[in-house]
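Written below as structure tokens is the structure these notes are about.
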Amino acid sequence: MRQSKEERVHRVFENISAHYDRMNSVISFRRHLKWRKDVMRRMNVQKGKKALDVCCGTADWTIALAEAVGPEGKVYGLDFSENMLKVGEQKVKARGLHNVKLIHGNAMQLPFPDNSFDYVTIGFGLRNVPDYMTVLKEMHRVTKPGGITVCLETSQPTLFGFRQLYYFYFRFIMPLFGKLLAKSYEEYSWLQESAREFPGRDELAEMFRAAGFVDVEVKPYTFGVAAMHLGYKR
């Protein structure tokens, strides 16, 4: 029987959870750390605020948000992979953070009331959900008026030559890294498929606006291999 996208993605992340952080650094040449640092600077997260990290995975961005809002703030991380959350829980505990709560849940149906969060983020997770627009609308719903929602995700390079090199790397080299370092060729083959099929920067910006966000900002990184989309809720 053919697996749904949701079932396949769940299996992928349950299987790669132990190697996910290491492989992220290898695949992106550690650029993802600089990308997220720049996004956090642009968000200008304030102390005492409330944040939600959707598709939080092993909780790296969740932890960054928790440190930014401080002990008087509160951060929730949500993911549908229990194994990824277990890794995240260990990292949260190791840092002694008491303002973080990790939740097993579905990004398509966020278990929070309307207008709950000052900041809502999703990092390298939107491409893996069954329906991009449903998740963007859910993120908009739970963002407070005046709040910020941010997506940091792989994107489609537009520079000729580099674009072809990027696709070659994602299609052939990245799964090979997965096989050599994480014994997970099939799983990392899925990651390149999802990245290749994900909307480009302009299309995703339009989806942000269609979901209800205003003053949408787009920032490409490293010749466009990744991009930040930031929107505000009226």
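Here, residue 1 is simply the first one shown, and the rest follow in order.
Cβ coordinates come from backbone N, Cα and C, glycine included.
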Subject >> Given Swiss-Prot lists T58, N106, A107 for S-adenosyl-L-methionine, the same-site residue among D38, D79, D118 >> reply: D79
**OP:** Output, ordered by sequence, the same-chain residues six or more apart from N106 (S-adenosyl-L-methionine binding site) with a CB under 8 Å from its CB, or 'none'.
**Re:** F80
Original post:
Counting across all protein chains shown, how many other Cβ atoms sit within 10 Å of the Cβ of A107 (S-adenosyl-L-methionine binding site)?
Top reply: 23
**OP:** Could you tally the C-beta atoms, other than its own, that fall within 10 angstroms of the C-beta of D79 (S-adenosyl-L-methionine binding site)?
**Re:** 26
Original post:
On the Cα atoms of T58, D79, N106, A107, which are listed as binding S-adenosyl-L-methionine, what is the maximum pairwise distance in Å?
Top reply: 16
